[in-house]
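This report refers to the structure that appears directly beneath it.
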Amino acid sequence: MEQIVFYIISGLAVISAIYFVAAKNPLYSILSLVITFFSIAGLYILLNAQFLGIVQIIVYAGAIMVLFLYVLMMLNLKEKDEGKKDNLMKFAGIFSAGLLLVGFVGALKGYVGNELPVNEITEGVGLTKNLGRLLFNEYVLPFELASILILSGIVGAVLIGKKDL
């Protein structure tokens, strides 16, 4: 049952990611990207990483998508604004896709089979309690440095955005 759900969610993620790239309308692209983000969150939850799945939904499907929609509204794109693609760009796209396909085939060629048991779950995997202990015991200095970096970015954005300071 778990494998069937995995195949459905991963298929949905791949199809919506392809539609994100292939769609002509930017709004449809953004909506398919939201579906991709939710599908990836579902895959995280299937991997017993519930915290990572929830963070994926909150950060990417929530905040980043609101930012993308805001930028899309500010750009005010029209169909006549889109330029024609010349043959060089089409060739570059096909060449890049071919290289990616060769890489995938090369990666799958070395795959022998399922070497790990599917249902073996390590104790404590995916628990936010263990993540909190690890962050505040072993990685407290990098965690605090990251928080200072985020704080300085917020202060910088406010100072740049405010004109009368």
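Quick reminder: no glycine exception, Cβ is built from N, Cα and C everywhere.
As the structure is a computational prediction, the values presented were derived from the model and not from experiment.
Residues or ranges marked as transmembrane segment by TrEMBL: 6-23 (among others).
According to TrEMBL, the feature transmembrane segment maps to 30-47 (among others). A Cβ distance under 8 Å defines the sequence-distant neighbours of the transmembrane segment (30-47), meaning residues of its chain 6+ beyond its ends; these are 2, 5-6, 9-10, 12-13, 16-17, 19-20, 23, 53-54, 56-57, 60-61, 64-65, 68-69, 72, 126.
Long-range contacts of the transmembrane segment (53-75) within the same chain: residues 26-27, 30, 33-34, 37-38, 40-45, each at least 6 residues beyond the stretch ends and with a Cβ under 8 Å from a Cβ of the stretch. Annotation source TrEMBL lists transmembrane segment at 53-75 (among others).
Annotation source TrEMBL lists transmembrane segment at 87-108 (among others).
Tertiary proximity for the transmembrane segment (139-160), restricted to same-chain residues at least six positions away from its ends with a CB under 8 Å from its CB atoms, involves no residues. Per TrEMBL, transmembrane segment is recorded for 139-160 (among others).
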- Message: Which residues of the chain, 6 or more past the ends of the transmembrane segment (6-23), have a CB below 8 A from one of its CBs?
- Response: 29, 32-33, 35-36, 39-40, 42-43, 46
